[in-house]
Structure formats: C-alpha cells, structure tokens
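Over in TrEMBL, the protein carries these features:
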REGION    28-84  region 'Disordered'
COMPBIAS  45-73  compositional bias 'Basic and acidic residues'
COMPBIAS  74-83  compositional bias 'Polar residues'
DOMAIN    101-356  domain 'Protein kinase'
BINDING   111, 130, 182, 183, 184, 231, 232, 245, 396  ATP binding site
ACT_SITE  227  active site, proton acceptor
CROSSLNK  229  SUMO2 cross-link
DOMAIN    367-628  domain 'Protein kinase'
C-alpha cells in the first residue's frame, strides 16, 4: 500500500517524551524528599536461620554478612532512572545490600516496617524499598506468611502482567528484610477515591477491567489474592492500576482453604461462615470494589461502625444500589455479590460484560502514514503518526500470504508475545498490533537515527558504550529467560537521544531452563554450538556480542573468509566459526592497536568467542571489565 503523505512530523518524538514524562513524575516525587531518613532496627532478631530453612528454598538464605552496613539510611536522591531496571532481572543472589541504594522519602508505614522511595546507585532506576524488622515478624508469628508472600510474588515473572506490582528481588541483614519492589508514583487507589468521593462509571469500568484482568492472570496460576481492596491497589506512572500486597495470598490447585483473612468490609459470606473457600472470594471482592468505586463506600458498611452489623449484612447479602447507578453496572454488581460462590459469574464473563469498557482496537485509519523506513522479507516499515495523540511511531506492515507461504505465522506470534512484554531503554518497544484481511501491522517505537550498521559504515568509529549498552540489554533479556539469537548491527537501531535499541525479535525464544536445537540467525554471528547443531542456551547471545565487539574495532566480522576465488565462502566461514580462529588483522589503525593493547580488548573478545559456551564471559563479567568501565564517551 503506497503511503499517504503527512504534512509535518514533529522533531521531538512524542512517544519518547511520554517516557521522559514518567521520569519527571519520579523526579518530582523525590525533589523535596527529606535529606535524612532513617531505618533503625527496633529489637534484636529472635529467629535464626534454622527457622528460615524449614523448606528447601529458605526465606532468608545465609549468603552474606555485611558488618559494615549502616544502621541508618540517610541519603537523599534525585532520581533520573530509566523506565525499567536492568540488574534486578535475575534470580536473587543474596548480593544486594542497603549500600546499593540511595534512600529518599518515606512512602508509607505498615504493621512491620516502612516503605521508602529509593534509587539503585549503579543503574539509576527507581524502586520502592520495603523494610521490615525480623523481630516484629517473629513476634506476630508472621514468618511463614511473609515467606509465602515472597515465594508467590517471585513466581510472577518480571513484567508478566501490567496490573500486578512487581517484586524484583529481596535481601536482608541481621535485623531487617528488604523487598525491592516496583515504584508506583500514583500511590494508593484508596487516596484517589477518597479525594474524588467516587469515580465516574467510565472510570470505574476501566478500573474493574484492569483488576479483573490481573485476577484472571493470578487465578490461571492458581493464586488467590484474598485481600483485594483500594489500599492494596496502586497507580503506576502511566495511570495503570497495580495489585499489591500479597500477604494473604495463597497458591492452591483444586483445593479449598479455611483461613479467615482479609479486611472485614470485603470478606465474602463463606469466610464469615467459616466454610472452605476458593478463587470465588476474589470475585466477591471485585463486586464490593465495583460498588465502592461507584458509590464511594463499601456496600455493607454501617454508619455506627459496628463490626457485628457488617457481619450480618454480608451473610444476608443486604445492600442497596442507588438509583443513579446504571442498569448495566447494577447487573454486574448483583452477579458478583452472590451468597453462593458457585452462583457468581466468572472472570471471563466479567471481562465480556457489556458494562466493562474494553481497550479500543487499533485500525489503519488511526494513523497518518508517511515515508517508508525500510523493506523486509515479509513487508515494509513506514513512519506514521497516530492521529489522536500525534505520537510518531514506526508501522511495520506484514503480508499474511507471505507469512503463510513461508510458514512463519507461529514465529511472528512468538515475536509479538515476547516483545510486547519488554521494557528497557535499549530495547525497541512494541506498543501494539492489529490486522485486517490481508495484513498484520506492528506499532513499534520509532528510532529516527536508523540502523547502527549504517552509522558504522559511515563513521568507522567504535565506542565501548555500544558494547556496554548491548550487554545491559542482554542481561535484562536473559533475566526474563529470553534469548534473542540474532544480534547483529542491522538489528540494532539508534533512538532520538542516541540510545541503542535492540530490535527484530523474529528468532527470539522464551526458554526458562531449557536448551534449544533450532539453527537460526545470521551466519557471521552464529556460535559453534549452532553450526554443529548441538543444544544451545542464552550463551549464543554472548558469542554474538563478542562478534560485534570485534566488528566494531576491525570493521568486519571475525570469521569472514579471506578474499579470493573461494567457490563456497560459506564453507570457509563455517570452518572458521567451528574452530574459533580469531586474528586481528594488520589493517587495524594505530589508534585502535594502541587502544587494544592499552585495555586488553583482545582479552574480552577472546573470552566471549570461546568455543565452549561455559567458558565464555557472563554478562556481569562483561559489564565489570575495565574495557567497559573505564570509558564513558560516546560517538552516537
């Protein structure tokens, strides 16, 4: 389809400005923070590691003893964090300590401790740091409940659902436990509800949709939250709701529980009657929330505040819906607030209920399509502007017939599923997708400076920041169990501010704890294990990073055959890869040679281009290498 002409494309890309806006929210939240905020242990810990090791996966493994740790955290910070963290996207290693963070203002106070706004010093991202005292957890016999909370929330894979607050990691010292959590700058939904009195029907419908969506995700993982209420729902930087506080959550499969827990106004009849309960308790709570959003108070609240009267009203399901509530909203509330759990509608029915405002589906008419940016095997990429907001994007148009003829529909589906969940400053965003009868459209972040490959062809310059940024992005991907499998200069784009963006996830896979057999990618960047068709894992991306480092310095891939009348150059390339034969040519400039000798770049490349994947550098070793850490200049 020939592109329509657009009169003007704004010089500043508005979708990037939106990300900056999120950072500004974070900066404002911290600007007036108190310079000194203390976290002081109250009493000596009463529980030893023996209690914590009741299970094979202990809550507080003894991996570090920080005798120099400060008893008070009294540093303020002015965060300039990227929108998503890097170093937290990996399993808990026990290597965190309080000195890794700059602590700003207090965000809230709970039964067992406090929550602080904090910034991780190295990667500069913003988190909420929940600090709890071991002695109080022990005094209230809350250790097992806390352990279960951590275990459950840790299972919720990082950024797996936009409406569930993320637990990145945890660590501890002698007296305290620290949870590193996603920061939601909008605060509690309860405060917003109190401020407004009640929400409009449209607002309420959108909120119920998000909460139901999150509950549907949790229930699919056999997790029951059991304490859904406005205080446990936070508002993210983009206005997206986040379910938090998994203290009463349980993970059960085809089982019912007896524990009475949660908050009285939101308890279902089966809990009050001490009957076994299951996932239906969250559906009851969803009905209570729906009523509260629309009316400004829970349906079973009594004016005198007597708990006994609230008990009776809940058991009898006695509530009155005001006349100003629409018939559709009333219908949903009544179908959720049923005494018999089996009579309540399920989450699928909630999400398809006519009162629920669903996200609008994109179509081509939503965009003004501009100049072509590139042409691929299955279609074209155009610059485009979303009409309503003015955001500039890259619109990738793929033709279904070509996808079907080459049998890559599943590959495209996997690419969309993976890339739509990725949030990292060095990874190209996939905002959404839509389709018509003949085409599939991907709405991608626009990187105005194009491919890194083209820039390097022009400048012939090298920056160690290139390798550093790519390694940071790979660490993020591998922490999410994503293997890219096609890292090369053509698949690295440059954003408006010079940020590198890994793109094209067509060959990527999500493989937690698994090895793959598929030979894929681009020949010059293939590792030996792919060439000889043995199982491979995330180490293939480390090999590709080594190839890139070599190519940035030398100007060509390390395993290209020598120029000459070679009939089958691919055969020679295969041979060079399998034998990992690396030679730095004499054509390297004197400056490059001096640079290589001075900081031992040969060493890092050689450690990445090892035939045995287990002998290759880890991502952390790459990022800690002097060649990466000693320079901060950029050519982009």
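Each residue, glycine too, has its Cβ placed from N, Cα and C.
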Fewest neighbouring Cβ atoms within 10 Å: which of the recorded positions 111, 229, 396?
111
Sequence-distant neighbours of residue 232 (ATP binding site) in its chain (C-beta under 8 A, six or more apart):
243, 244, 245
Assigned conformation of residue 232 (ATP binding site) - DSSP reduced to three states:
helix
Please list, in sequence order, the residues in the chain of residue 182 (ATP binding site) that are at least six apart in sequence and whose C-beta is under 8 Å away from its C-beta.
127, 128, 165, 166, 167, 168, 236, 242
Inside 10 Å of the Cβ of residue 227 (active site, proton acceptor), count up the other Cβ atoms and send me the figure.
22
Cα distance, the residue listed as 'active site, proton acceptor' to residue 396 (ATP binding site), nearest Å?
43
Pairwise Cα distance for residue 111 (ATP binding site)/the residue listed as 'active site, proton acceptor' [Å, integer]:
15
Neighbour count (Cβ, 10 Å) for residue 184 (ATP binding site):
21
Can you grab the distance from residue 184 (ATP binding site) over to the residue listed as 'SUMO2 cross-link'? Cα atoms, rounded to a whole Å.
16
Restricting to the record's ATP-binding residues (111, 130, 182, 183, 184, 231, 232, 245, 396), give me the longest CA-CA distance in Å as a whole number.
50
